[in-house]
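J.: After the structure tokens below, expect a handful of questions from me.
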Amino acid sequence: MESKDLHVHLSTRRGSPRELPPPSKCAMSKTTACFDGAECDSGLACQSQLATAVTSQGDPTAGKGSGTPKIQSQANAIKLPPLQSLVQANQCRQSNSISISLPASPSGITIGEAIKVVFGDKAGSAAIDEELNPPSDSSSSNSRPAKPGKFHSRSIPAGSSYGKAAAMGKANGPLADHQRMPRSYSSRDKRFDSFKTWSGKLERQLSNFRGKPQEPDVEANDSDISMEAEAVPAVDRYFDALEGPELDTLKASEVSALPEDKKWPFLLRFPISAFGMCLGVSSQAILWKTLATAPSMSFLHVSLTVNFVLWCISLALMSTVSLMYSLKIIFYFETVRREYYHPVRINFFFAPWIACLFLVLGVPPSVAENLHPALWYALMAPIFCLELKIYGQWMSGGQRRLSKVANPSNHLSIVGNFVGALLGASMGLKEGPIFFFAVGLAHYIVLFVTLYQRLPTNETLPRDLHPVFFLFVAAPSVACMAWAKICGDFNYGAKMAYFIALFLYVSLAVRINFFRGFRFSLAWWAYTFPMTGASIATINYSMKVTNVVTQILAVGLSGISTFTVTALLVCTIIHAFVLHDLFPNDVSIAITRKRSKFTKKLTQLRFASSDMKDIEASISGNTPQP
């Protein structure tokens, strides 16, 4: 009967494996290894072979001797080269099993008999243990003649990385080799690459230049997500996928383009609204400078040292935030593009330049008395360019017309005109400040009416109040000071703007209970400078109309604004160093360009389930009770 090749896998049965005796050295070629010791076609010649004689438990002398031992039981001799010799040939590719040729004759090994191949943890050796049915008598087992079996050689292909490592003595076994995979083959989340400036191409080029090539992005799912992330969503998509007064919360029916179960890189989580901190602190520097220099506030005896300290803090904070966001522009420019097309975030692109204007207005007298007018032109040029873009979209219509994207954050794009007019008039300029004041006044009236109407197409305003509503106070409070500086007197026009700001401030303050229960956001810093602006305007008004009421009002509003900024500072420190959630994952820039099919089906299922619940409730209500 012809012998058949049986493939014996690693098995776990009772009994302890017995290790093989050490083999003699073999002379092997570079290509294949032969199991039966014969010279193969590839040129492998084994000088000595390993013969494992598996005998019954009653013969202790089995397997010993100089020659090939005789098999005293049903088992046949299994000829197997040592694992070290195979490993040294750099040939081994299969680490989970070893092919062994066994005869299939009735006198051979039965199915119930098991062969164990155990890999050692340290030496990489192989031990073969064969369990046989225990014979009834040891003498009867010795009297049985053993039939020699035929064995077929199996070749092991060359080129294995495991064989090379084991030949150098650096391999512990096949499983250990699997765990020590190269770093380039390790799994890496590539979903952030589409938000990088070069989409990960520069990283791969630098790795190739260093001699550490990285595997290309071949995963289909990642490529689909990257295509969705690279395209900037339309403005309608922002309204469909996000919610909240700042459009910073992903709806439950939407799926983010970035992983939500892990923390994103810091630059991806650093928003443009971080410049709101600069607005809040730098406006405080202006407030305390006005308190120290205003004649009507001389009874407070405020020192200019407070102004100097706050100005230095504002300058350091502005430098730090600007550096971080500049790095974001360099490495994650696609994210900056998404923030620019965000209907709310686009207004915060005015914040860096407004903060710079505040720094110039609040500069301590000990640092500089008079600044060159060229500084004003340098700061107003980017504001003018942004206004051409945004105001043109408001007027020309389309997806970003004012009636569709109007929200209280649009006041940031208006207030820059009045702050620029105030600084220009302080430097002695005439035409430039009047130009920006007129542009700001025209668009403020249009924005004010649009927000008051709350058109049906406008879905960004929440029903309840939010700190974003304090931006209503910013424009008129700064406009009254700018007009007073342009005219040289706090006249009727300045007083009209001031009274509008004071009325809006009081109307919001009496409804302070509606501000409870909102999640802390870094953008709240941008809503503190309108309160500071109202305090500074009140101080200027008290210099024109000096009495106890105006002085108490000025001190009270200044105290409220200072307390608010201090409270926000404490909250910011707690969220940054205690809760570690000051910069959460910015899901507002991770929406997909189109609504996924899964999201549509999920929405349909939710509507269907709600309809079924209504039907069941109506049926149960109509069913008569027994």
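Just so it is clear, glycine is given a Cβ too, placed from its N, Cα and C backbone atoms.
Predicted automatically and left uncurated, TrEMBL annotations should be read as such.
Pulled from TrEMBL, these are the listed features:
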- 1-25: region 'Disordered' (REGION)
- 128-189: region 'Disordered' (REGION)
- 133-143: compositional bias 'Low complexity' (COMPBIAS)
- 266-288: transmembrane segment (TRANSMEM)
- 308-327: transmembrane segment (TRANSMEM)
- 348-368: transmembrane segment (TRANSMEM)
- 374-391: transmembrane segment (TRANSMEM)
- 412-429: transmembrane segment (TRANSMEM)
- 435-453: transmembrane segment (TRANSMEM)
- 465-484: transmembrane segment (TRANSMEM)
- 496-515: transmembrane segment (TRANSMEM)
- 522-541: transmembrane segment (TRANSMEM)
- 553-579: transmembrane segment (TRANSMEM)
J.: Counting only residues 6 or more past its boundaries, what in the same chain has a CB within less than 8 Å of a CB in the transmembrane segment (553-579)?
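T.: Tertiary neighbours of the transmembrane segment (553-579) are 277, 280-281, 284, 287, 291, 296-297, 300, 505, 520, 522, 524-525, 528, 531-532, 534-535, 538-539, 541-542.
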J.: With Cβ-Cβ distances below 8 Å as the criterion, list the same-chain residues six or more beyond the ends of the transmembrane segment (435-453) that contact it, or say none.
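T.: Sequence-remote neighbours of the transmembrane segment (435-453) are 380, 387, 391, 394, 402-403, 406-408, 410-411, 413-418, 420-421, 424, 461, 472, 475-476, 479, 482-483, 486.
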J.: Report, as numbers and ranges, every residue of the chain located at least six residues beyond the transmembrane segment (374-391) whose Cβ falls under 8 Å of a Cβ in that stretch; write 'none' if there are none.
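T.: Those are 346-347, 349-350, 353-354, 356-357, 360, 413, 416-417, 420, 423-424, 427, 429, 432, 436, 439, 443, in sequence order.
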J.: Quick check for me: are there 3+ Cβ pairs below 8 Å between the transmembrane segment (266-288) and the transmembrane segment (496-515), leaving out pairs under 6 residues apart?
T.: no
J.: Restricting to the same chain and to residues at least six past its boundaries, which positions have a Cβ under 8 Å from a Cβ of the transmembrane segment (308-327)?
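T.: Same-chain contacts beyond the flanks: 267, 270, 272, 274-275, 277-278, 281-282, 284-285, 288, 352, 355-356, 358-359, 362-364, 366-367.
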J.: Go through the chain and flag residues at least 6 beyond the ends of the transmembrane segment (348-368) whose CB is under 8 A from any CB in it; none is fine as an answer.
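T.: Answer is 271-273, 275-276, 278-279, 282-283, 285-286, 289, 304, 307-308, 310-311, 314-315, 318, 322, 325, 339-340, 375-376, 379-380, 382-383, 386, 409, 412-413, 415-416, 419-420, 422-423, 426, 523, 526, 529.
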